[in-house]
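Engineer: First the structure, then my questions, so here it is.
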Amino acid sequence: MSEELLKVLKAAGLDVLSCMHCGTCTGSCPSGRHTGLNTRRIIRDARKNRATVLSDDALWLCTTCYTCQERCPRGIPITDALLELRRLAVRKGFMRPEHRRVSELVLECGHAVPLDEETKKKREELGLDPIPETVQKYPEALEELKALLKTCKFDELAAEK
């Protein structure tokens, strides 16, 4: 196992050797019933240091409901480990296109859903302020958010690699 991957998993409290591959996590997973998410396989791939574990789209299918973690007979924090693997994946440049697009929107306008003229008009018709109480309404707050995102290097993480 690569030193970096092992460090990430240890930080999540995941003792990869304690997993007995019983399948309780996968069998309990609500998302796994409808998608390609197989938590047991992801843990196994991480344990075997398979290069594909970070680029696997299934890593992003977890909804973080924590069912797998609650039911694991060994008490392995599986969801936390998946989140750590996601963080490492992003640092290594593996980000789903739709996540990258949302990141770009947040960097650009401070919100994942930009406010267009049609939405402003509909809000006015409903008797609402055309611009809701978000950073989009306050230019100085938007600039502060952009500065904060730059300081924490979010722009670099979101950039295409």
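From the backbone N, Cα and C atoms, a Cβ is placed for every residue, glycine too.
Summarising the annotation, Swiss-Prot assigns [4Fe-4S] cluster 1 binding site to Cys19, Cys22, Cys25, Cys72 and lists sequence analysis as the type of evidence. The [4Fe-4S] cluster 2 binding site annotation in Swiss-Prot covers Cys29, Cys62, Cys65, Cys68, and the record cites sequence analysis as its basis. What Swiss-Prot lists as domain '4Fe-4S ferredoxin-type 1' is 10-40. Summarising the annotation, Swiss-Prot assigns domain '4Fe-4S ferredoxin-type 2' to 51-82.
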Engineer: State the count of C-beta atoms found within 10 angstroms of the C-beta of Cys65 ([4Fe-4S] cluster 2 binding site), not counting that atom itself.
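Structural biologist: Counting Cβ neighbours of Cys65 ([4Fe-4S] cluster 2 binding site) within 10 Å gives 13.
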Engineer: Which of these binding-site residues is closest to Cys29 ([4Fe-4S] cluster 2 binding site) if you go by CA atoms: Cys19, Cys22, Cys72?
Structural biologist: Cys72
Engineer: Between Cys25, Cys29, which of the binding-site residues has its C-beta surrounded by the fewest other C-beta atoms within 10 Å?
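Structural biologist: Relative to the other binding-site residues in Cys25, Cys29, Cys29 has the fewest Cβ atoms within 10 Å.
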Engineer: Express the distance between the Cα positions of Cys25 ([4Fe-4S] cluster 1 binding site) and Cys68 ([4Fe-4S] cluster 2 binding site) as a whole number of Å.
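Structural biologist: Spelling it out, the Cα of Cys25 ([4Fe-4S] cluster 1 binding site) and the Cα of Cys68 ([4Fe-4S] cluster 2 binding site) are 4 Å apart.
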Engineer: Restricting to the chain of Cys22 ([4Fe-4S] cluster 1 binding site) and a gap of 6 or more, list residues whose Cβ falls under 8 Å of its Cβ, or answer none.
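Structural biologist: Long-range Cβ contacts: Pro73.
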Engineer: Between Cys65 ([4Fe-4S] cluster 2 binding site) and Cys72 ([4Fe-4S] cluster 1 binding site), how many Å separate their Cα atoms?
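Structural biologist: With distance taken Cα to Cα, Cys72 ([4Fe-4S] cluster 1 binding site) is 13 Å from Cys65 ([4Fe-4S] cluster 2 binding site).
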